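Student: Please find one structure pasted underneath; my questions will follow.
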Amino acid sequence: MRMSLLRSASQHLRRHRCDYSSSSSATASPERKVAILGAAGGIGQPLALLMKLNPLVSSLSLYDIAATPGVAADVSHINTRALVKGFVGDDQLGEALEGADLVIIPAGVPRKPGMTRDDLFKINAGIVKGLCTAIARHCPNALVNMISNPVNSTVPIAAEVFKKAGTYDEKKLFGVTTLDVVRAKTFYAGKANVPVTGVNVPVVGGHAGITILPLFSQATPASNALSHEDLVALTKRTQDGGTEVVEAKAGKGSATLSMAYAGAVFGDACLKGLNGVPDIIECSFVQSTVTELPFFASKVRLGKSGVEEVLGLGELSALEKEGLESLKGELLSSIEKGVKFAQES
């Protein structure tokens, strides 16, 4: 039963661009160390499990402020390639990061009912700043995947920390917006009545509320069955996907499992890029000149140095052009808030 579940999980990941067969076999793959910061949390634990299943990972470093030794012991018993070590507390953070090729950061508190973005920002901004200071010191060349919310602000915070340390490389810093893409694909497939495994929907902008802009006009396979009202509703549902989960969990949790899956998908894409697999394209919130905003989520081609190319938006529908203009003010404000926090604190 356990092995059949493992095979099922691996098969599903392959269907969602985690196609391990497209790269070299596990034994021939380069040694790759992945560090997860916040590995004992609601996102961190399932993310640790999923990264342990990835044969591209040779070393899996799990860090948190508490409970990580237990998580590491549990995950380490799984008979896959990665060697697992757990680290706990500030004293062990440096060792957790040393030699990492990829750092994934789901650390911080989740959003709770009644919590404003300001509340979330005040707590998570300080956590992210501290972790990024350690990254700059112990693994300055690692790719950094930021999951900690609000991503629209935490990515600029990370950039400022790295700039101050003299280690900033815009090609290596990513805001993980993959969950928006995952949701857009799922919701579109359900409404258009097409198999979800063959669907692709780019999502651009940011990673909160109206800054999330799914480009359903570019969805494949294309569908003529969706009305303007359908597209408006799909856009709104994608933007409010996080709230939908928080409310469904009645205040006792947020989108942890789907976020872990999305984080594993994007982490796998980054590892493939590092290993030289061609044509790895995912959406991500990165430093960008696609718009006048300094950071923006769009399609990104991944390679051996991280971002190989930031791709343009393509042709937009009237609805999407309107959404693009509407999101810019809020997204810029969030970016500036992150920059200000990093520079003043």
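Cβ coordinates are placed from backbone N, Cα and C, and glycine is handled just like the others.
Residues or ranges marked as active site, proton acceptor in TrEMBL: H207. Among the features that TrEMBL reports, NAD(+) binding site is placed at G38, A39, A40, G41, G42, I43, G44, D64, N124, I147, S148, N149, M259. Residues or ranges marked as substrate binding site in TrEMBL: R111, R117, N149, R183. Taken from TrEMBL, the feature domain 'Lactate/malate dehydrogenase N-terminal' applies to 33-175. TrEMBL lists 177-341 with the feature domain 'Lactate/malate dehydrogenase C-terminal'.
Any idea what these are sitting next to in the structure?
Tutor: All protein chains considered, the CB of H207 (active site, proton acceptor) has 28 other CB atoms within 10 Å.
Counting only residues at least six positions away in the same chain, the Cβ atoms of I36, G38, L62, D64, V71, P106, A107, A260 sit under 8 Å from the Cβ of G44 (NAD(+) binding site).
All chains included, 24 other C-beta atoms sit within 10 angstroms of the C-beta of N149 (substrate binding site).
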Student: In whole Å, how far is A40 (NAD(+) binding site) from H207 (active site, proton acceptor) when you measure between their Cα atoms?
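Tutor: Taking the Cα atoms only, H207 (active site, proton acceptor) lies 23 Å from A40 (NAD(+) binding site).
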Student: Whole-number answer please: how many Å between the C-alpha atoms of S148 (NAD(+) binding site) and R183 (substrate binding site)?
Tutor: 18
Student: Give me the Cα-Cα distance between A40 (NAD(+) binding site) and N149 (substrate binding site), rounded to a whole Å.
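Tutor: Checking the Cα atoms of A40 (NAD(+) binding site) and N149 (substrate binding site) gives a distance of 17 Å.
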Student: What whole-number Å value do you get for the CA-CA distance of M259 (NAD(+) binding site) and R183 (substrate binding site)?
Tutor: 10
Student: For N124 (NAD(+) binding site) and N149 (substrate binding site), what Cα-Cα distance in Å is obtained after rounding to a whole number?
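Tutor: Distance between the two Cα atoms comes out at 7 Å.
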Student: Among the binding-site residues listed here, G38, G42, which has the most company in the form of other Cβ atoms within 10 Å of its Cβ?
Tutor: G38
